[in-house]
């Protein structure tokens with residue numbers, strides 16, 4: 001799902017590493033320690049929460065979070081909470097990064113000072129206001145000026161303690177006067193529609209005879225202002241809560257009798273500034289924010305075609321895809337969009353086979369094969385993440401969940417044993433876990449995804465051809481990925497592979513570390529097992545597995561997953577879990593009478609059906625076959641005055657569901673839409689609002705079977721692979737090429753230098769792999785031309801958008817400093833281009 005903007009789609013995403021907090025204020029009690037967690041918020045909407053770290057003022061979280069951002073936002077915020085068992089969790093402090101500042105911290109570990117949180121720091125939202133100055137004749141026949149202040153609506157007000165019942169006060173204030181008026185309270189909404197007008201007398205009637213038409217006294221104008229304050233009506237004894245304010249000097253009407261615009265709400269001038277930022281501690285974050293502006297598909301044809309034929313270029317180092325890996329600062333930065341694009345078009349196996357073969361030819365020692373962070377390694381890693389996640393979950397998740405729930409101690413380091421623990425018992429528990437995981441892995445070969453098997457086959461063939469005297473290299477070439485870079489990391493950090501929702505507790509983490517080390521060594525088939533461990537206790541423990549049957553099992557498994565033409569005939573019939581989690585659903589109304597209330601349920605989606613039950617593991621209360629899903633669409637907030645709602649439309653009724661936040665709502669809508677995309681009876685129109693009180697709220701039709709009034713969203717073509725958009729990935733690659741244009745040009749120079757000079761290579765060119773200077777130069781020329789054409793399209797789009805942009809519109813309210821900077825930059829660009 002993307003924001004549509006006149007011929008192009010805008011995608012936003014963010015990848016966050018929440019590291020640790022330092023020097024949090026101590027708890028005011030004898031213990032002084034705190035139980036803290038961190039939340040990630042789009043403005044104030046929570047979209048992710050870390051685990052709770054107990055009894056620490058320097059909690060380490062070590063959690064990663066990625067999401068597609070489905071709406072506009074101003075701040076990416078992080079709140080540190082202190083858990084309270086008996087009361088509401090209290091906020092220690094927050095970090096708020098403006099959207100426009102995210103690039104300053106792009107992919108860098110940064111320490112941020114925690115800021116104090118109060119009503120002023122939480123101000124958000126915008127207000128639509130009109131001021132109109134007019135002349136009126138009083139009862140005595142005297143003409144005077146009246147000011148009409150019309151407040152239309154507000155959007156995106158903060159929600160306070162789970163509710164928002166807003167009202168506004170409109171005040172005309174000056175040195176010697178203050179006249180306030182108040183709107184009605186709007187219940188249960190943070191997007192109130194007020195549409196109320198308030199009138200104020202601006203000048204004395206006697207002043208009219210001294211001034212010309214609309215030329216009222218300057219001293220009054222300069223000193224008067226309109227102030228709009230938003231409040232949340234509260235029943236608490238502490239009074240109503242401040243939501244934000246707007247101050248407008250009346251002199252804006254000096255040149256026009258009316259003024260209408262949208263404004264961002266601001267904190268009060270006298271906001272609480274008592275605490276210094278460093279009083280609250282700091283938080284370490286790594287944030288990667290990406291915004292892609294994607295044109296229609298034909299714009300990307302030249303660059304996309306160049307990338308897709310990379311596997312056929314001789315040598316492969318002269319291909320566009322390989323060049324991308326050469327110029328990017330981080331190979332993974334290149335691998336992510338590259339693999340997704342090639343996987344989408346069925347070209348990932350030929351390309352990886354080509355670059356793997358080239359890398360093997362450059363490798364001198366079979367013991368170091370595929371051990372570096374090369375483009376080959378990163379591309380295979382990314383392919384395994386995309387294609388192998390379900391395989392990984394089916395293989396490991398049941399045992400990992402059992403380990404996390406059992407909390408058995410498996411510590412085998414005598415130095416780290418706790419009082420009362422028995423070394424032999426711990427060693428036996430660990431041995432059983434390792435044995436179980438080793439068995440499920442080595443028996444899972446038939447379930448390994450085909451694309452992974454095809455890649456492993458090419459690795460095996462290339463390694464065996466290069467090192468013909470080493471009989472084990474055909475195994476180590478494959479095990480270096482499937483064990484060392486797939487299974488072992490997933491066991492070590494299961495949260496990074498969605499095997500657990502959060503980082504595991506210290507004891508479980510230690511158990512998983514020991515298991516991961518052992519599995520990694522078993523899979524590596526190294527000649528000297530004991531020498532693989534630095535710790536003597538690990539060498540002792542490994543004696544349990546120093547039998548030929550374990551090596552044979554590994555080799556049989558590696559043979560199976562690297563065999564040519566291997567296919568899993570059962571893979572299509574197997575139910576694949578795609579997504580699950582708690583949401584709130586509205587009763588479907590199978591009975592004609594009775595309350596249709598909202599209930600929290602555990603939802604589960606597979607490639608066969610969509611179900612919900614009371615709790616995870618219970619029997620389903622409702623099963624919806626995928627073929628019965630006719631459409632999945634958003635539900636307008638006005639239907640039930642609830643945010644983040646969507647509807648799953650079936651032949652007889654619609655199931656109304658509320659997700660926990662906007663990110664989850666987008667994820668569920670996307671995956672439900674994609675999994676039901678091929679249904680033959682999919683609807684073309686739908687009702688965007690609910691059927692309540694005998695009619696549809698959107699079109700007022702009275703029949704509950706009336707045809708929809710709004711076209712269904714198009715979704716993606718039926719043959720598209722899940723979660724991959726080829727045009728978006730090409731746009732991402734274009735952005736990388738454009739970012740590293742200087743390196744592309746430097747690489748061109750290196751090709752020219754190599755073509756005419758056979759002497760020692762210049763140091764500045766030595767970082768590039770250039771096997772054929774002429775072929776590489778030819779590709780570089782095509783890449784630079786394709787990137788240049790796309791850059792011209794982007795520049796034209798920016799110019800067109802700038803011409804249409806109005807400061808003070810609903811999209812660009814007044815009060816956004818970053819937008820003012822954007823206006824200034826675009827003005828300079830436009831002037832320069834002229």
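Here the Cβ of each residue, glycine as well, is placed from N, Cα and C on the backbone.
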Per Swiss-Prot, the range holding zinc finger, considering 679-715, 716-752, 753-789: 679-715
Which candidate, of 77, 234, 257, 319, Swiss-Prot gives the annotation phosphoserine: 77
From the candidates 66, 167, 259, 550, the one which Swiss-Prot records as phosphotyrosine: 66
Per Swiss-Prot, the candidate from 571, 615, 809 carrying the annotation phosphoserine: 809
Which of 77, 110, 809, the listed modified residues, has fewest other Cβ atoms within 10 Å: 809
Inter-residue C-alpha distance, residue 699 (Zn(2+) binding site) and residue 66 (phosphotyrosine) (nearest angstrom): 38
Binding-site residues compared (698, 709) - the one with the fewest other Cβ atoms within 10 Å: 709
Close in space, distant in sequence - residue 371 (site 'Arginine finger'), Cβ under 8 Å, 6 or more apart: 480
Of the recorded positions listed as 77, 698, 709, the one whose CA lies nearest the CA of residue 110 (phosphothreonine): 77
Near-site residues: Zn(2+), ref 687, 698, 699, 709, CB cutoff 8 A to centroid: 688, 689, 696, 697, 700, 701, 706, 708, 710
For residue 699 (Zn(2+) binding site), the three-state class that DSSP assigns: coil
